[in-house]
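For 1-24, the entry in Swiss-Prot reads signal peptide, with the evidence type sequence analysis. If you look up Swiss-Prot, you'll see 28-66, 83-121 marked as region 'Disordered'. Sequence annotations record features per position, and here Swiss-Prot assigns compositional bias 'Polar residues' to 40-49. Residues or ranges marked as N-linked glycosylation site by Swiss-Prot on the basis of sequence analysis: Asn43. Annotation source Swiss-Prot lists compositional bias 'Basic and acidic residues' at 50-60. What Swiss-Prot records for 86-98 is compositional bias 'Basic residues'. Among the features that Swiss-Prot reports, compositional bias 'Pro residues' is placed at 103-118. Residues or ranges marked as domain 'C1q' by Swiss-Prot: 169-324.
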Amino acid sequence: MRCWVWLLVAIVLCQQLSVVRVLAAKKERKKGKDPHQFTEPFNVSLSNSEELHETDKLSETPDPGLPDAYTTWLGFVGRTDDGANSKKKCKGKDKKLRGLFGPPGPPGPQGPPGPPGMPGAEVTYEVLLQDFKQMLKEATERRLMSGDIPEHTSELPPIVLPVEDLSPYRRVDEGFHCRLKGQVIVDKKTLVELQNFQMPTAKGSFLRGSGLNLATGRFTASVPGIYQFSAHVHIDHSEIKSKAQLRPRDNVRVLICIESMCHRYTSLEVIAGLESNSKIFTVHVQGLLQLQVGQYTSIFVDNSAGAPITVQNGSDFMGILMGL
């Protein structure tokens, strides 16, 4: 055991002595340098002979200040902190470099299409018209509340059309189409009002409004305006042709009159002669009449011949409101 102790003491002393020698050698080198001594720069060019002579001197004179292996190891151990610091610096630089971002990459491929959506609501013409009316009403109310409408103006106000006139097709409020239900005999020199009509059973006929009275054959206007009326009256005059010779003044008149006053009010009138070779002929009358609320129109047949005539069933009477 004592031998080991003495061995450790000897090793420690040797280390201390070597350190002292190294320090002494460094001091001697510092003292041996002359501050006024001139040294040539390292890159001064020499001749070949001078270079060989200098290299021989360097090889012959060993440098007393060259450290041994132990001194080199101590110097390396003393610089371990510098290595750690350099690693820290490198780590800091790496972090800074990692903070930089490159340009964005190209867009990826398009994904698959999604599922189809729910079917939209069916929008009809009536719904669109109702929405437009509501929007127009709200805009008018906002303008009235904001006071943008001037109180006095010298110009005439613009004509404001109703919303129904803005639509491409106008609804027919008043109109009818009816036919005579049975035959009507008109005696000679007699004016008769046609009555007892009926609606056609076939598709295509129409009746709008409540102004038509089928029993009396009269149409009463519930809206003032201009109406268009037409009538197709089928007349059978076979009895006249068989009994007597026709006279030039023998004719038949078909009229559409207002309030049954064909001479006081404007009426629609057609005069047809009885010289036709056919047994039945048709008299057609058509035109426009202006009616006020409560006024009615009807068909009259005036027979000026010397024998009775017969108005056939199926004769038409039609009318429609054209405008106010």
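The backbone N, Cα and C atoms fix where each Cβ goes, glycine too.
Keep in mind the model is a prediction, meaning the values are calculated, not measured.
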Revision key, fill the gap. The mean pLDDT across the domain 'C1q' (169-324) is 89
Point to revise | Structural state census, the compositional bias 'Pro residues' (103-118) (DSSP three-state) | key: 0 helix, 0 strand, 16 coil
